[in-house]
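> What TrEMBL records for 1-29, 492-538 is region 'Disordered'. Residues or ranges marked as domain 'Major facilitator superfamily (MFS) profile' by TrEMBL: 54-474. TrEMBL lists 93-112, 124-149, 180-203, 210-229, 292-313, 362-380, 386-408, 420-440, 452-471 with the feature transmembrane segment.
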């Protein structure tokens with residue numbers, strides 16, 4: 001068995017074995033090519049198309065996401081239970097949630113670097129085992145301090161969740177990428193709903209410790225599914241292990257009853273993986289800073305609604321009861337939470353209809369604004385049915401916003417820094433999630449109106465930020481490296497030829513423009529060779 005600390009060379013074997021100096025044509029712009037009949041991993045993914053190969057990876061990845069959703073929803077269910085058993089103050093209850101997100105914030109960039117240097121699959125195996133182990137160990141927490149420590153360790157593992165999203169995105173053709181990744185919301189939503197139903201059944205009879213134990217089992221089961229999915233071919237090519245990537249791509253083409261492009265799979269150029277300075281390069285600095293605000297805002301709002309839902313219901317029950325901050329959730333409360341959680345399915349038609357039509361930026365702006373609007377309305381004195389509807393819409397639009405930031409971020413950054421940059425953005429989301437318990441569980445208990453306006457105001461700021469993003473990623477192929485990478489084919493691929501058609505405002509990144517210029521130059525050189533050959537024959 002390969003040790004966890006092994007290098008990529010040891011784990012994936014030999015790099016492309018051909019002599020790097022043999023059979024190369026003249027260089028273009030500092031690049032050399034094995035032959036004119038070559039192709040990149042991007043062309044291979046587009047040629048393979050969508051089929052059972054991608055579905056298998058998608059299902060395994062989303063089962064892990066569903067297990068993560070159970071761990072997150074547990075935070076909302078657990079709060080009123082430990083509050084009563086240990087007679088906790090509001091700020092201590094908030095710290096239980098904050099501990100999880102502190103762990104996620106610390107680990108997200110670290111696991112991002114690991115994913116970019118050692119592979120997405122390797123990192124996923126490690127974090128799923130980690131989450132399951134420490135999640136189960138939390139069952140035996142003897143005190144408030146221990147539950148903080150163990151939930152923080154669970155959060156440390158959950159900081160690697162973007163790895164699964166990156167692995168899915170890197171195998172899906174651009175035509176289907178946004179729609180398929182949006183469809184994954186169903187798994188996250190069902191994981192959260194399952195946790196609420198499990199709590200409704202287990203807590204009244206067995207108690208919250210059994211809820212923790214049973215909630216840890218699904219993530220361990222999902223880990224088994226990782227045996228049946230491959231490492232990211234984009235990662236392998238970026239790391240220089242082209243032979244290993246080719247084996248995976250050939251198997252993928254066979255499963256999908258398709259074939260790879262003619263020619264040879266090539267590495268565009270040797271690139272450094274997971275370099276921190278590339279995230280802040282001139283090409284991506286502005287986008288990175290704006291994305292950090294958007295990730296902060298979406299986590300602050302989404303998890304704020306998850307936590308606020310139980311707090312609002314608890315406050316309503318306290319007003320009808322003589323008990324003081326020791327009111328358990330009723331069956332009606334659990335039903336309200338289930339219905340509001342199902343609101344996340346609203347993100348499916350929103351993103352399916354808009355994200356590939358009006359673009360990522362406008363879709364994100366609309367979802368942020370709608371989330372804030374409905375969040376503010378929660379302060380109104382309404383009956384339980386209307387309150388459930390308002391929570392339904394907040395969950396729906398905030399979930400759609402989460403889809404937007406994940407899709408946009410995975411499409412914006414090149415493979416060489418994709419999981420690092422998403423890990424850092426995810427760390428900013430965890431900062432938002434660390435802060436939100438003190439608004440949703442502390443401030444809200446003193447003033448619902450003030451708390452809801454905090455959420456509404458931040459959502460409006462994020463909505464404006466979406467409109468000001470410098471790059472629209474709609475119709476844009478996933479870049480492989482930070483600098484210009486040569487094309488494998490002489491003529492533009494279908495996805496490449498759509499860059500300018502789908503981006504009339506000129507928002508395509510300079511990386512893609514240089515790639516297109518390089519392809520055009522190679523085409524002209526081939527035409528020149530043909531013309532010269534014809535003249536000599538005459």
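Keep in mind that glycine also has a Cβ here, set from the backbone N, Cα and C atoms.
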> Which sequence positions outside the transmembrane segment (362-380), separated from its termini by at least 6 residues, show Cβ-Cβ distances below 8 Å to it?
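Those are 294, 297-298, 301, 304-305, 308, 312, 347, 350-351, 354-355, 386-387, 390-391, 393-394, 397-398, 400-401, 404-405, 408, 448-449, 452-453, 455-460, 462-464, 466-467, 469, in sequence order.
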> Could you give the mean pLDDT over the domain 'Major facilitator superfamily (MFS) profile' (54-474), rounded to a whole number?
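Residues in the domain 'Major facilitator superfamily (MFS) profile' (54-474) carry a mean pLDDT of 85 in this prediction.
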> Other than its close neighbours in sequence, what residues sit by the transmembrane segment (292-313), given a CB gap under 8 Å and a spacing of at least six beyond its ends?
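Tertiary neighbours of the transmembrane segment (292-313) are 72-73, 75-77, 79-80, 97, 101, 329, 333, 336-337, 340, 364, 368, 371-372, 375, 378, 387, 391, 394-395, 398-399, 401-402, 405, 409, 424-426, 428-433, 435-437, 439-441, 444-445, 448, 451, 455, 458-459, 461-462, 465-466.
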> Would you call the transmembrane segment (420-440) and the transmembrane segment (93-112) in contact, using three or more Cβ pairs under 8 Å, pairs 6 or more apart in sequence?
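Yes, the stretches contact each other.
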